[in-house]
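A.B. asks: I have a structure I would like to understand better, so I am pasting it below and will then ask my questions one at a time.
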Amino acid sequence: MPMGSLQPLATLYLLGMLVASCLGRLSWYDPDFQARLTRSNSKCQGQLEVYLKDGWHMVCSQSWGRSSKQWEDPSQASKVCQRLNCGVPLSLGPFLVTYTPQSSIICYGQLGSFSNCSHSRNDMCHSLGLTCLEPQKTTPPTTRPPPTTTPEPTAPPRLQLVAQSGGQHCAGVVEFYSGSLGGTISYEAQDKTQDLENFLCNNLQCGSFLKHLPETEAGRAQDPGEPREHQPLPIQWKIQNSSCTSLEHCFRKIKPQKSGRVLALLCSGFQPKVQSRLVGGSSICEGTVEVRQGAQWAALCDSSSARSSLRWEEVCREQQCGSVNSYRVLDAGDPTSRGLFCPHQKLSQCHELWERNSYCKKVFVTCQDPNPAGLAAGTVASIILALVLLVVLLVVCGPLAYKKLVKKFRQKKQRQWIGPTGMNQNMSFHRNHTATVRSHAENPTASHVDNEYSQPPRNSHLSAYPALEGALHRSSMQPDNSSDSDYDLHGAQRL
């Protein structure tokens with residue numbers, strides 16, 4: 001290939017490296033990729049958030065051309081679980097309880113690629129959820145003094161829980177291995193083995209014993225596609241000492257059996273746990289309790305085993321809220337109301353939920369909100385707009401209204417003038433301040449013809465009051481003032 005054709009290729013390669021370095025973490029397979037799981041009480045399950053160059057972003061489940069309800073093969077997110085120090089991925093799909101305190105993004109291209117992402121509206125984004133297996137808690141091995149004699153080389157006794165197809169971690173049939181011999185353990189319902197079961201769950205690093213699983217028969221039919229190594233072994237052991245403190249003293253070997261009930265336990269460390277949420281309230285810390293069964297959410301029905309607040313305290317903690325403030329049972333007036341039922345006191349003890357097809361009484365729980373909601377942006381904008389309109393209204397209409405009020409007030413204080421009010425009256429007078437105004441009932445014909453003048457007549461060389469001068473002249477000729485008028489004609493003076 002000529003050297004001239006290599007230069008454009010080298011330029012494109014360098015440009016691609018520059019774009020990749022600007023975008024930062026392009027895929028969850030990159031060694032420096034950062035991710036976290038939020039909105040749950042475990043670091044190994046929750047809402048997937050990734051860190052790009054400008055901060056943390058919630059990943060929408062519609063990314064990479066998927067629908068908001070599509071579930072993916074969880075093994076594709078194994079690198080994310082490894083970076084979170086969790087076990088294998090159990091589920092990858094819509095988280096359903098969407099909480100978006102920060103920005104959300106939709107990405108395109110191959111699954112797990114973040115080189116082509118765009119910001120999405122929070123109300124259009126459904127969060128992507130990931131559930132990984134919880135890591136096993138390791139305990140330091142007990143130190144024992146070295147044996148005086150060299151034992152026969154053999155594997156130490158050990159236990160294993162075999163879950164049924166689609167089962168849970170820390171739940172299943174107990175298998176015991178001693179040396180080269182391994183098998184299941186025979187179990188009878190009348191056996192008093194509470195201490196033994198707690199010892200077994202603790203030895204399996206699965207917490208404490210919760211319950212026996214429903215009757216499980218050894219040698220059950222193999223499910224299609226299930227590997228043979230996941231099938232329970234035949235019965236080889238029987239309980240010997242229910243108070244044992246070491247595995248080699250707990251069981252004794254018996255003749256192999258192909259059928260019979262075997263020991264199957266459910267321990268408190270089972271995974272995945274029941275997920276809950278609060279809906280229909282004013283915030284994520286208030287509402288009706290719903291639980292998840294597979295990919296579906298349904299109302300949690302009230303039960304007699306949950307009369308205390310322990311269950312609701314656990315629900316509030318899962319929502320990352322404070323302690324429970326109150327809870328009340330809603331009346332199930334509809335006989336067709338359906339939901340899910342947990343027979344245990346706490347939801348963390350329920351490895352399966354039962355259906356209730358009628359008279360499901362929902363529970364409304366109110367938790368303490370660590371971040372109470374303030375005024376919404378729309379409310380603040382409305383208040384500001386109303387204040388602006390009020391100021392504009394005062395600026396435009398205020399001066400005009402003020403002038404009208406001042407004018408009206410001044411008119412009331414101005415002097416009132418009385419002019420001719422009848423056909424035979426040709427005089428106008430100043431009203432005497434000492435005269436008593438008669439009622440309108442005595443002079444109804446003049447009650448509506450009073451004249452008001454804003455200013456008195458200006459002085460001139462001509463008489464401004466000829467009628468008044470005539471009246472004065474007549475009054476001098478007729479000294480008796482027998483008129484019923486309210487005006488003092490004797491006291492009138494020429495202006």
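Cβ from N, Cα, C; glycine included.
From Swiss-Prot, here are the annotated features:
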- 142-155: compositional bias 'Pro residues' (COMPBIAS)
- 475-484: compositional bias 'Polar residues' (COMPBIAS)
- 276-368: domain 'SRCR 3' (DOMAIN)
- Asn116: N-linked glycosylation site (CARBOHYD)
- Asn241: N-linked glycosylation site (CARBOHYD)
- Ser439: phosphoserine (MOD_RES)
- Tyr453: phosphotyrosine (MOD_RES)
- Ser460: phosphoserine (MOD_RES)
- Ser483: phosphoserine (MOD_RES)
- Ser485: phosphoserine (MOD_RES)
- 25-372: topological domain 'Extracellular' (TOPO_DOM)
- 403-495: topological domain 'Cytoplasmic' (TOPO_DOM)
A.B. asks: For Asn241 (N-linked glycosylation site) and Asn116 (N-linked glycosylation site), what Cα-Cα distance in Å is obtained after rounding to a whole number?
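C.D. replies: Computed Cα spacing between Asn241 (N-linked glycosylation site) and Asn116 (N-linked glycosylation site) is 62 Å.
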A.B. asks: Tally every other Cβ atom lying within 10 Å of the Cβ atom of Asn241 (N-linked glycosylation site).
C.D. replies: 13
A.B. asks: Which secondary structure state does DSSP assign to Asn116 (N-linked glycosylation site), in the simple three-class scheme?
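C.D. replies: It is coil.
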A.B. asks: Measure the Cβ-based neighbour count of Asn116 (N-linked glycosylation site), defined as the other Cβ atoms within 10 Å of its Cβ.
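C.D. replies: There are 13 such Cβ atoms around Asn116 (N-linked glycosylation site).
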A.B. asks: Can you give me the average pLDDT across the domain 'SRCR 3' (276-368), rounded to a whole number?
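C.D. replies: A mean pLDDT of 88 is what the model gives the domain 'SRCR 3' (276-368).
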